[in-house]
Amino acid sequence: TEGPFFYIPMVNTSGVVRSPYEYPQYYLVNPAAYAILGAYMFFLIIIGFPVNFMTLYVTLEHKKLRTPLNYILLNLAVADLFMVIGGFTTTMYSSMHGYFVLGRLGCNMEGFSATLGGMISLWSLAVLAIERWVVVCKPISNFRFGENHAIMGVSLTWFMALACTVPPLVGWSRYIPEGMQCSCGIDYYTRAEGFNNESFVLYMFFCHFLVPLVIIFFCYGRLLCAVKEAAAAQQESETTQRAEREVTRMVIIMVIGFLVCWLPYASVAWFIFTHQGSEFGPLFMTIPAFFAKSSSIYNPMIYICMNKQFRNCMITTLFCGKNPFEGEEEGASSTKTEASSASSVSPA
């Protein structure tokens, strides 16, 4: 059923379909599902905000963590905080009421925040892939990834993300409630007159999904070949090679995590766009949409788990300047420090 600013995946033969901005949508699924949805969003908020804020705070507090590579990783934390503060709180509040109680303004805010966070994350991973390719493969001789390059990379991620998320706010496509009608996203569902949804969805998928993915896969394809060649030729010291491998491994795991979280949502959205008129239930889009939102917690978790230097700094911050585990980490830290001086970036 299509309304002026909404689309509900249900034929209105019974006459019970109501605007998701004005009435509870309990006729779509059991009311308990909305309670579960609200609890899930609360979980993401109480985990996502502290770990991303801690990532931001610890990196800014410890000077040795302020490396060019970490600028991009900080950008990921900022993007996740946008999702948590601007999107998750709105969705949780809507789930508690069973409909989008904040109206179209809240829908635009939630859809914009969630999409912006996802786009910044994807383009940040593309920039990280380029950085890894340039540092490891050395297509440009004597090139060092410095602070100016990192700032340019961060600026690029925001420019591209805003180029994708602002148009629906000004009339090229739109944000509408989706799934159980408690979260909002791009209108993949309708051919509403005056919004040009078809052209925007094609633009979004090709320019803001396929292009960064092609960049990522190209860079890591070349990188894997270069790593094998360097290992065979022993062109660099073992310490340098180990440092670069650890950084690369962390970034690749971040890419895999992004794909695991967002690829189901993108696939379902593309299916709905290319099969408009097909029958599907409210959970068909709700499950992948809320699975994608979990991406806000995996990046800092990966960073904390795989970066010993950051982990030591975080423990020092949490224990008011002291690290009770310093003796256990001393050997690993000294190795990491040595690798940092040998590598052109700070190893993770």
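All positions are counted from 1 along the displayed chain.
Cβ coordinates are placed from backbone N, Cα and C, and glycine is handled just like the others.
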Task: Recorded membrane side (Swiss-Prot) equal for G106 and C313 - done: no
Open item on the list: Just confirming the record: what cysteine out of C184, C207, C219, C225 does Swiss-Prot connect to C107 via a disulfide?
Closed with: C184
TODO: Would you mind listing the long-range same-chain contacts of the topological domain 'Extracellular' (171-199), meaning Cβ under 8 Å and 6+ residues beyond its ends?
DONE: 2, 5-9, 20-21, 25, 28-29, 33-34, 37, 87, 91, 94-95, 98-100, 107-108, 110-112, 114-115, 269-270, 272-273, 276, 282-287, 289-290
Open item on the list: Quiz question: given the disulfide-bonded residues C107, C184, which has the greatest number of C-beta atoms lying within 10 angstroms of its own C-beta?
Closed with: C184
Open item on the list: Could you check which of the recorded positions C107, C184, N197 is the closest Cα neighbour of K293 (N6-(retinylidene)lysine)?
Closed with: C184
Open item on the list: Please give me the CB contact count at 10 A for K293 (N6-(retinylidene)lysine), counting all chains in the structure.
Closed with: 25
